[in-house]
Amino acid sequence: MATLSLSAVAKLNLFLHITGQRHDGYHLLETLFQFIDYGDRLDFTLTATDTLDFSCSVAELAGPDNLVLRAVQLLQQEFPEHARGVRIHLHKVLPCGGGLGGGSSDAATTLLALRQLWQLPLSTAELAQLGLQLGADVPIFVSGHAAFAQGIGEQLTPMTPACPWYLVVHPGVHVSTPTIFQHPQLPRQHAPIDPQQWNWHNTQNDCQQLVCQLYPEVAKALAWLVEYAPSRLTGTGACIFARFDQQQQALAALQQLPAAWTGFVARGINESPVCQQLRQASTVT
Ligand SMILES: C[C@](O)(CO)[C@H](O)COP(=O)(O)OP(=O)(O)OC[C@H]1O[C@@H](n2ccc(N)nc2=O)[C@H](O)[C@@H]1O
Ligand SMILES: Nc1ncnc2c1ncn2[C@@H]1O[C@H](COP(=O)(O)OP(=O)(O)OP(=O)(O)O)[C@@H](O)[C@H]1O
């Protein structure tokens, strides 16, 4: 059986407003998700045995908590009669816990790959709903299209925002998503907006001020980045991003990045490549 090699790209939250909180503690959001052409890679190979064989380029992520394994187990439980042996290798590129949704993207690519390889009778909307059990960011990656999201991030309205170049900077600190969402100082009453009216100036990331207060290194990196272009936190951080019209401008800023931080330049994309890769694979096999 040939190996299916698929992308698991990152997302940016172009803005993130918190409009309320549910009784179970989860927050109601309004956010605009866009993908970037930068991310992890996953290789899937069906095997003759009925075992699951998982490896990862980062040893600390090879354990049973990896969202890739949790995605496989979820489908095995839901569709025991369809499940088959599979070997999966995760080539990790995205920083963990960076607000780029790396783990969620890996999980979504796994769900999409196994739906095809195991021939599961599931629509994309049903797969996204199932993926929500793994994390609030999984549905956007299953859907595969940039979108305005409401609810806890799972009610998706497709959008086609402009596709600038981004310089994404990781300030070298780990921000815990639960810590930010549980913090009493997090603002939770942003008025809903009309997504068609959004622009950079009438939106923000509601987590940014708190994250900068709790993690001064994020504030420092933002103060540096904003000198080059409009800049913002993605998700609950720690990554921040600046948008540029030209790739060259983003690369020139990256050249000046202080050694304490890491960064990369990527293009905004409104369609996740994994869907196209799967369509191509299905016409070949
Ligand atoms: C910050 C974002 O990345 C924005 O896209 C997401 O909202 C977070 O998505 P995620 O990492 O997939 O989130 P989950 O793994 O479901 O939840 C992580 C933690 O964040 C909290 N959480 C998450 C999403 C949400 N809408 N409200 C929350 O309060 C949950 O209580 C949980 O403690
Ligand atoms: N495949 C995976 N890749 C990265 N992290 C994973 C993976 N599976 C499980 N994890 C765990 O999930 C945590 C969050 O990782 P992830 O990179 O998805 O965060 P994030 O980019 O902040 O996501 P979000 O924006 O959804 O909060 C990590 O600290 C790690 O322990």
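Placement of Cβ uses the backbone N, Cα and C atoms for every residue, glycine included.
Per TrEMBL, these features apply:
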type	residues	note
ACT_SITE	Lys11	active site
DOMAIN	66-144	domain 'GHMP kinase N-terminal'
BINDING	Pro95, Cys96, Gly97, Gly98, Gly99, Leu100, Gly101, Gly102, Gly103, Ser104, Ser105	ATP binding site
ACT_SITE	Asp137	active site
DOMAIN	207-261	domain 'GHMP kinase C-terminal'
Using a Cβ cut-off under 8 Å and a sequence separation of 6 or more, which residues in the same chain sit near Gly103 (ATP binding site)?
Asn66, Leu67, Cys96, Gly135
Determine, for the ATP site, the additional residues of the same chain whose CB lies within 8 Å of the mean position of the CB atoms of Pro95, Cys96, Gly97, Gly98, Gly99, Leu100, Gly101, Gly102, Gly103, Ser104, Ser105; present them in sequence order.
Ala10, Leu94, Gly235
Cβ neighbour count within 10 Å of Gly97 (ATP binding site):
19
What recorded positions in Lys11, Pro95, Gly97, Gly99, Gly103, Ser105 place CB under 6 Å from ligand 2?
Gly97, Gly99, Gly103
10 Å Cα neighbourhood of Lys11 (active site): matching binding-site residues from Pro95, Gly97, Gly101, Ser105:
Gly101, Ser105
Listed recorded positions: Lys11, Pro95, Gly97, Gly103, Ser105, Asp137. Which have a CB under 6 angstroms from an atom of ligand 1?
Asp137
Other than its own, how many Cβ atoms are within 10 Å of the Cβ belonging to Lys11 (active site)?
24
Could you round the CA separation between Asp137 (active site) and Gly97 (ATP binding site) to a whole angstrom and send it over?
12
Hey, does DSSP put Gly101 (ATP binding site) in a helix, a strand, or just coil?
coil
